[in-house]
Amino acid sequence: MATPAPLLQITHLQKRFGKFQALKDIDFSIYPGEVFGFIGPNGAGKSTTIRVLLGILKASGGSATIFGQDVWQHSVAIHQRIAYVPGDVYLWPNLSGGEIIDLFLKMNGERHTAKTDALIEEFGLDPRKKARTYSKGNRQKVALIAAFSTDADFYIFDEPTSGLDPLNEQTFQNHVLALKQQGKSVLLSSHILSEVEKMCDRIGIIREGQIVETGTLAEMRHLTRTTIDVQTVAPLTKLAELPGVHGVTAKHGENHVSLAVDADQLTPVMAYLTQQQLVSLTTTPPTLEDLFMRYYEAPNDARATDGK
Amino acid sequence: MMPEQLLKRTGLLIRVNLKRDWAKLVIWIVALAGLFTAIAAKFDGIYGTQSAIETIVKTLKSPAMVSLFGAFTAKAPYTTAKIFATEMMVFMAIVMVIMNIMIAVAATRAEEDEGLLELVRSHAVGRLAPLMAAFIELTGLNAIVGLLFGAGLQLANMPGANTAGNWLIGAGLAAIGWMFGMLTLLLAQLADSASGTTMLAYAVFGVMYVARMSTDVSDPKTTWWVPFGWIEKLGIYQTNQWQPLLMMGLFGLICLVAAQRLNLRRDLGAGLLPTRQGRTTASPILRGPATLLWRRTRISLLVWVLGNLMLGASYASVFNTIGDLAKSNPMIKQLLGASALAAANRVIVKNFIAILAIVMVIVALIPAVQTMLKLVSDENKGYLHQLYATATSRWQVWASYTGLAMIEAAAVFFAGTFGMYATGAAMMTDPIKWLTYWHVLLAYFPAMLVMIAFASLLVGWAPKLRHLSWLWVFYGFFSLYLGSLIDLPKWAKQLTPLGFVNKVPMKAIDWTTNWWLLAITVLLLLVAAIGYRRRDLAQ
């Protein structure tokens, strides 16, 4: 399979604020037509990374390119082809939402189209109200409508739905999927893991200024454990001793337990369970939340290497 | 990056900025041009006769007046126009500088602090475009104000005025304003917030003002070293020097280029001066709305206190020169005798202190009104939301802001007066006693309280009109600093409570007025508190 040239490429990116190293080592790429999920706890460096990509912060080391151009040197040319929605949207208090949407479009050399009107309708925004009277969700809608109305090649969303109601969140997701179908690329930073799971092709996990994992959800699942809920006829005495088995917990009923199994030990464990004659069996693939917790609840050894 | 890329869509940003600022700009332009033209038109009536001119020339030549209005450089024959130029240039320059600092901070750092600039910069907008939009807005504003000044003078047609001088005044005031606008753009790159930039800008301006004053009194030639002093070097209606204009232009240009360089180098939302880390836990004192407000304003209060202390001290450093009649007239000692001369000298200094008291009062009112109006801006920014979610009553919050505003006024006023006293005591051969200064404090403080209570009233009942309290303070400054020179009628001076205060320490404290003013303060505060408890808060 021939891989096209990446649209976004970050190599060994670093950012220092005085003595504090906000980004230690960021490495990832986004390819055309891809929705990339960017997740990590608060303060891990997601927004800092995005601000470096926007040329608003100057990197202290490493490189970052979008469309093959350096993000600091060519920010205007790059911005011409991208759209951005921040998590906290601030607007000019004495301008109306409609005015601001048009203004943002003009700032990219575009204009108000029928698509803009359709978006305003769809998100249910009253464009005549002054921005000072908008709630957080409505301010986000203004930025989202301007972004979706822009004919860009690359969309950056930094926790864009934190103030939206479920209905508008659904609208947001539909539009992101539509962009994906048009072959556009999206960088989506979010805490709503179900959203990331549903929409993203690949995911990058950032922790304390470092990318700790990138890959597809399937690849990541491979690295983690499957949860099994099982009831058998024979007692499961030896189960806990098998390699790769974790957290065996007794449930209601005879010989009914739940456990987690490392992906690479699944076959021998299943063989043992079958031997004990199955009554019922449910397996749950790890959710993104499980993955997330695994990286964040931080195995003590991982923290120790950081000197914490 | 190519220059055109750096400046991309500056034009669009200018239009947005004008849309955002137009009301503010129109008010400044109309107020300044109107005020200036009105005074010029009235001037012939005040200093129309030769005898009136001779009298004011004597006053303006005295060191006290020189320290307030600049060195008297006009040569005989004296005309109405020359008097006007001497009296008005330094005063109008102060106003121009304040206007430029305010607009420049609002157009740069304030928008950056709000996070708006991040969204703007994520579009295809050049990195320097926001700064250049601010530059063009300031340039246009100063140009329009300068043109209206020149046109107003042409219209007023004072005796002794000429076209070149009229336009030079307009151009000079525009240039000094513009220069400080550019300086503020530069300082905005050094500080890390809007309030930091404002503080830095006023600090630089304060130092220049004081330096200008002391060089004017001691050796006017050295005023050339102070950029703010260039406004006095225009030789209006005489030699009409255009060279200082060139210097202001150059100074402003250097600031602008430096601002651009630094702007390209720094991160958005950061300054070149480092931000300090805060403490891990709250101090035990930080426990309610009053101490929270104190924690947020204490640094700025300290700066104001120190600033006014130094201002008072530097004014007092010229007391010895001012209060020495024998210096300008050696014969006077024989004529009056030593003790009578000392008494005459003291009268002059006390007269000067009475004028300086106005400056101290105004400087002290600025942080006080600022804190008072913060009650509304904090509400609009949502800072008070969470405070009100706790067991904190409206009354407590209102009382905290109002109380601190009054304490600030007292502290800053006291500091300025004490600065005068301490320096005077150290430098004068026959120093003025502390009791004299104490009387100044007692005389003006009740009037100041009324002005703060009025701001509180606006906050409680008409938060949208709260900026009127700035207009009132500014009018107080104008009517008392300049009022007697432009022969402002008594009723016009008494449009602020400061106009009711006796000329202490020349005259005794008028206790009847003081009690009245205190009674009005209490009344205003009661009504203000009721209003604040009843009205809706911003959502």
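Every residue gets a Cβ built from N, Cα and C, even glycine.
According to TrEMBL, the protein has these features:
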type	residues	note
TRANSMEM	B:21-41	transmembrane segment
TRANSMEM	B:88-107	transmembrane segment
TRANSMEM	B:128-155	transmembrane segment
TRANSMEM	B:167-187	transmembrane segment
TRANSMEM	B:199-215	transmembrane segment
TRANSMEM	B:242-259	transmembrane segment
TRANSMEM	B:301-322	transmembrane segment
TRANSMEM	B:352-376	transmembrane segment
TRANSMEM	B:397-421	transmembrane segment
TRANSMEM	B:441-461	transmembrane segment
TRANSMEM	B:468-486	transmembrane segment
TRANSMEM	B:515-532	transmembrane segment
Who are the long-range neighbours of the transmembrane segment (B:242-259) in its own chain, taking Cβ under 8 Å and residues 6 or more past its ends?
131, 135, 168, 171-172, 175-176, 178-179, 181-183, 185-186, 188-189, 227, 230-231, 233-234
Residue numbers, six or more beyond the limits of the transmembrane segment (B:88-107), whose CB comes under 8 Å of its CB atoms:
17, 21, 24-25, 28, 32, 36, 39, 68-70, 133-134, 137-138, 141-142, 145, 149, 169, 172-174, 176-178, 180-181, 184-185, 188, 194, 197-198, 201-202, 205, 209, 212, 228, 231-232, 234, 236, 481-482
For the transmembrane segment (B:301-322), what are the same-chain contacts with Cβ under 8 Å, counting residues 6+ beyond its ends?
62-64, 67, 199, 202-203, 206, 210, 213-214, 217-218, 348-349, 352, 356, 359-360, 363-364, 366-367, 408, 411-413, 415-424, 427-429, 432
Highest-contact recorded stretch vs the transmembrane segment (B:21-41), from B:128-155, B:352-376, B:397-421, CB pairs under 8 Å:
B:128-155
Determine whether the transmembrane segment (B:397-421) and the transmembrane segment (B:352-376) share at least three Cβ pairs under 8 Å, counting only pairs 6 or more apart in sequence.
yes
Sequence-remote partners of the transmembrane segment (B:468-486) [C-beta within less than 8 Å, at least six residues beyond its ends]:
35, 39, 42-43, 46, 56, 68, 87, 91, 355, 358-359, 361-362, 365-366, 369, 372-373, 451, 454-455, 458, 492-493, 495-496, 498-499
